[in-house]
Amino acid sequence: MSSVKRSLNQEIISQFHYSAAEGDIAKLTAILSHSPSLLNETSENGWSALICDRSIVNKSRQTALDIAKFWGYKHIANLLANAKGGKKPWFLTNEVEECENYFSKTLLDRKSEKRNNSDWLLAKESHPATVYILFSDLNPLVTLGGNKESFQQPEVRLCQLNYTDIKDYLAQPEKITLIFLGVELEMKKEFFNYAGEISKEEEDGLVAWFALGIDTVAAEEFKQRHENCYFLHPPMPALLQLKEKEAGVVAQARSVLAWHSRYKFCPTCGNATKIEEGGYKRVCLKEDCPSLHGVHNTSYPRVDPVVIMQVIHPDGTKCLLGRQKRFPPGMFTCLAGFIEPGETIEDAVRREVEEESGVKVGHVQYVSCQPWPMPSSLMIGCLAVAVSTEIKVDKNEIEDARWFTREQVVDVLTKGKQQAFFVPPSRAIAHQLIKHWIGMNPNL
């Protein structure tokens, strides 16, 4: 008898939920007039008539959104698809430890307060201890370090030049781009005497670094005189060969040099501009230009924010990875895209994932970021939890997208290219996001 009563009760709950999904107000009112407690009754999936956890999946691995789409409940599907945030899934950690990605570490203190001190900058330009790094077409000058007789892979190191090496270029300011990068983090208590060139009163113990951009003709002439040096090219993946702290310096220099190469003329009026503030500002030469009054972002180096996200299946056991046509065969990575004006990080993640893969995203959690000097992006790394699972790739955006199991991803990270697919190298934030997801499992 009790089982019959239970079945009848379940049938009433089922009818009530069906009416709620249909939006049948009249029937809902009639049912509630007899059994108001049904408002709090939940189905086998844990859903009530008023709310549902979008991250819960049934035995067929379907979410509430998947089911609404399957049965054609467009109004419900629209509500579920466009609801933001939601309850944090159980498989996401409460705290995310701060980490430094490649291109994030540096040897330098930027000393931005010195950029307006033209006398100090001029003195540092000719200081014997000052370090210059040379660029041509945004490619840094490097050399191979280590013992030539060693069987180990030689290190790619920046060529650290001094004033004597580059003074001829400084004499032709119209042909170069000079950027003050900062000073070494460790102050030098005492410099060598340098034959008495610098008085003790003038010495501050700060070792300044500058980036110097020269044209291709000058670059070829320099290489002929310094056969052990070469310009690192192409930027990807060549820049990933640098030591971590030197890579951070290159990221800073390359991004600012790229900005100068693209903004030689005033974005406000179109007239020519000149470089000021140690290379961190371009000033219009037209006296009545509006950009000369107040602070304008067009006068300073720009950074383009990009979201890059590890999309996790609603049940936490799979991740979504995609690939573009230009990728090496077999490489899959996290989805990514530029943030649009007036858009939050979370909304950008949801929009980009849906545009590229057709998958809807609910909860978004920030993990870490990475400067990406191609030419000047900031990759904002996030975890994103899907609320739908069906993939519909936009071929105009990406070539393919797939769900990969945790086991597949672990095999790729541990066995590399022996597998059917591979992911970006460890110095890319995509790799670190994938590892972060894998690391959520305490058994790994």
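Cβ atoms here come from the backbone N, Cα and C positions, even for glycine.
Feature annotations, reproduced from Swiss-Prot:
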| type | residues | note |
| --- | --- | --- |
| REPEAT | 11-40 | repeat 'ANK 1' |
| REPEAT | 60-80 | repeat 'ANK 2' |
| MOD_RES | Lys167 | N6-succinyllysine |
| BINDING | Cys266, Cys269, Cys284, Cys289 | Zn(2+) binding site |
| MOD_RES | Lys274 | N6-succinyllysine |
| BINDING | Tyr300, Ala336, Gly337, Phe338, Glu352, Glu356, Glu397 | substrate binding site |
| DOMAIN | 301-435 | domain 'Nudix hydrolase' |
| BINDING | Ala336, Glu356, Glu397 | Mg(2+) 1 binding site |
| MOTIF | 337-358 | motif 'Nudix box' |
| BINDING | Glu352 | Mg(2+) 2 binding site |
| BINDING | Glu352, Glu356, Glu397 | Mg(2+) 3 binding site |
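When each of the binding-site residues Tyr300, Phe338 is scored by how many other Cβ atoms sit within 10 Å of its Cβ, Phe338 comes out lowest. DSSP assigns Lys167 (N6-succinyllysine) to a helical segment in the three-state reduction. In this structure, Tyr300 (substrate binding site) belongs to neither helix nor strand by DSSP; it is coil. The residues near the Mg(2+) 1 site, meaning same-chain residues not in Ala336, Glu356, Glu397 whose C-beta sits within 8 angstroms of the mean position of the site's C-beta atoms, are Gly322, Leu335, Gly337, Glu352, Val353, Glu355, Ser357, Asp394, Ile398, in sequence order.
Applying an 8 A CB threshold to same-chain residues 6+ apart, the list for Gly337 (substrate binding site) reads Val306, Val307, Ala348, Arg351, Glu352, Glu355, Glu356.
Summary of the Mg(2+) 3 site environment: with the site residues Glu352, Glu356, Glu397 set aside, the chain residues having Cβ atoms within 8 Å of the Cβ mean position are Gly322, Leu335, Gly337, Val353, Glu354, Glu355, Ser357, Asp394, Ile398. Of Cys266, Cys284, Cys289, all annotated as binding-site residues, the residue with the shortest Cα distance to Glu397 (substrate binding site) is Cys266.
Sequence-ordered, the extra residues of this chain that approach the Zn(2+) site, with Cβ no more than 8 Å from the Cβ center of Cys266, Cys269, Cys284, Cys289, are Pro267, Thr268, Gly270, Asn271, Thr273, Leu285, Lys286, Pro290, Ser291, Leu292.
Note: the CA-CA distance between Cys269 (Zn(2+) binding site) and Lys167 (N6-succinyllysine) rounds to 34 Å. Predicted-model confidence for the repeat 'ANK 2' (60-80) is 76, expressed as mean pLDDT. The distance from the Cα of Ala336 (substrate binding site) to the Cα of Cys266 (Zn(2+) binding site) comes to 31 Å. Cys289 (Zn(2+) binding site) falls outside any helix or strand according to DSSP and counts as coil.
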